[in-house]
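Visitor: Relevant sequence annotations retrieved from TrEMBL are reproduced here:
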TRANSMEM  12-31  transmembrane segment
TRANSMEM  65-87  transmembrane segment
TRANSMEM  99-121  transmembrane segment
TRANSMEM  212-230  transmembrane segment
TRANSMEM  251-271  transmembrane segment
TRANSMEM  283-301  transmembrane segment
TRANSMEM  386-408  transmembrane segment
TRANSMEM  429-448  transmembrane segment
TRANSMEM  460-480  transmembrane segment
REGION    491-534  region 'Disordered'
COMPBIAS  498-509  compositional bias 'Pro residues'
Amino acid sequence: MGVKAALPRYELYLYHCVLYLAMLWAASWIYDASSSNANRKTFKPSVKPGWYYIGRKMDTADFEWVMWFSTFCEHILFALSGHVLFAKICSLLAPQYRSLVFMAYGMLAVFCSMGWAYLTLVLSHCVLLYSISLVKLRWLCFAAGLSTLATFRMEPFLSWQAGFVTGGFELRHVFFYGGCGFTVMRCISFALENCDRKEGNFSFLELLKYNFYLPFFYFGPVMTFDRFYLQANIPNLIRKEREMWNLSIQALINLAAILVVDVLFHFLYILTIPSDAKLLKHLSDWALIGLAYINLVYDWVKASVMFGVINTVSRLDHLDPPQPPKCITKLYVFSETHFDRGINDWLCKYVYNYLGGKHDSALEELTATLCTYGVTLLWLGPGWVVLLWAFLNCFGLNLELWVTTFFSMEPFVSIEMSMSAAMSRRIRALFNTFNYWAIVLFNILALNSLDFAKMVAKRLFLKGFPLTTVMVMFVTYCLVQLIKESERRQAMIDDPDPIPPPPPAPPAVDPSQAADGVATAPPPPLDPSKEKAE
């Protein structure tokens, strides 16, 4: 049935109440564990004094969050403020040259932060992949790009290139990996788009403009070259209606999210507790399962905030960057579980959709999925945890597609058509509930550890069965139904039901066939959705 199937209001109210009470119940257990164990030896390295007026210590186990909003805060604010200032001046005086100004300021910022040797290293990769792109062979460009990316994951190539970065800048290692990795991904995108260009080649200057756009350089997201080229060379810079208002609201939302996460870190040590195996064994089922869920929610919120800050700056430059990721509280299918939509768009455009075609064949679909996760493995760095994460998510995505295909056959279609739309939605939500926890368990592997994921799964499906299992699945079912309700309302806004057209006139009869009693009707109108898909 469609996504517009509605449920009674009292049922939705029940789902809200159950979900909020369960989350508060789990949070209370985690709060008790955080308070009673704040002085444990295992907590001392990561639980440190926080805001004085709160009177509690703060969980600082996430290096990336601390880096962004403490150590890196001064550098990013200074660099991005200068970028916004020069971009605004150029947009007012000479908008046709704004992409050149972006490039010049980006190269200057990279030179000032990392030195001339690092800048030369990045430029050498750009020259190499640009030269190969002139051959216009997709397989050669892809092979050269992935081989270049592999040099940052293999010895002795990694140590040799890292030796170009010198000095005592404390974030130089983070900048080194981020800048080089995203540079290679952008160069691959440029090379593949150059292969698709029928007449001539893009200039090397266009690659430099694309690569050295400062907001995207070190930490992404990756915008494919075709999108960046069109948006960065728009001659007429016109703001959409209420665009600046929306940007201001988004900036305030990001700031509020940062403050909320910082406050929660003073009361819920969600990142430090999973590192203490002895403490985990004594936690209740609700505390342990809630800890796994909140860890995943936090990581999605963190990615959304980080990309949201960068996206706000790029939107000021009249660009339309990839959106921040959906939070785990808004999805229940594997096809949307991506932390970085820029990388996801890149993979879909150049790997998944390119190899999968129309995604009709199971073999092509499996091949495309395996290759996509293979590139992801290279991007994240080979390792047994990453390999296990990639395998499980690849399996979950394909299983999801196979199950969908299986239930789209007879007699399941007829059975579903015989029931009400609301009942169909409830049955689908029941299947999505187990899918949801598969997503949670598969992804906390990368966030925490294999031992933590095994402990959560054991408590949820073995030791906690049947009471904990049934209760958690019912709470998750309520969450999935509320996500579906949000999707239903958004679908009603985006695509409201049109006014039904008047009944068509009877078909015209061909006089030459009227004697035989055969009426010739005009061909049926094309289905707009099918026409668009083709």
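Keep in mind that glycine also has a Cβ here, set from the backbone N, Cα and C atoms.
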Visitor: Tally Cβ pairs under 8 Å between the transmembrane segment (460-480) and each listed stretch (12-31, 65-87, 212-230, 386-408), then give the stretch with the top tally.
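Guide: Checked against 12-31, 65-87, 212-230, 386-408; highest Cβ contact count belongs to 12-31.
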Visitor: Do at least three CB pairs under 8 A connect the transmembrane segment (283-301) and the transmembrane segment (12-31), leaving out pairs fewer than 6 apart in sequence?
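Guide: With 3 or more qualifying Cβ pairs, these stretches touch.
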Visitor: Kindly say whether the transmembrane segment (429-448) and the transmembrane segment (283-301) touch, using the definition of 3 or more Cβ pairs under 8 Å where each pair is 6 or more positions apart.
Guide: yes
Visitor: State the residues, same chain only, that lie 6 or more residues beyond the ends of the transmembrane segment (283-301) and have a CB under 8 A from a CB inside it; answer 'none' if no residue qualifies.
Guide: 23, 25-27, 29-30, 32-33, 257, 261, 268, 270-271, 273-274, 325-329, 339, 440-441, 443-444, 447-448, 452-453, 455-456, 459-460, 463-464, 468, 472
Visitor: Residues of the same chain, at least six outside the transmembrane segment (386-408), with any C-beta under 8 angstroms of its C-beta?
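Guide: Answer is 333-335, 337, 362, 365-366, 369-370, 373-374, 376-377, 380, 431, 435, 438-439, 442-443, 445-446, 450.
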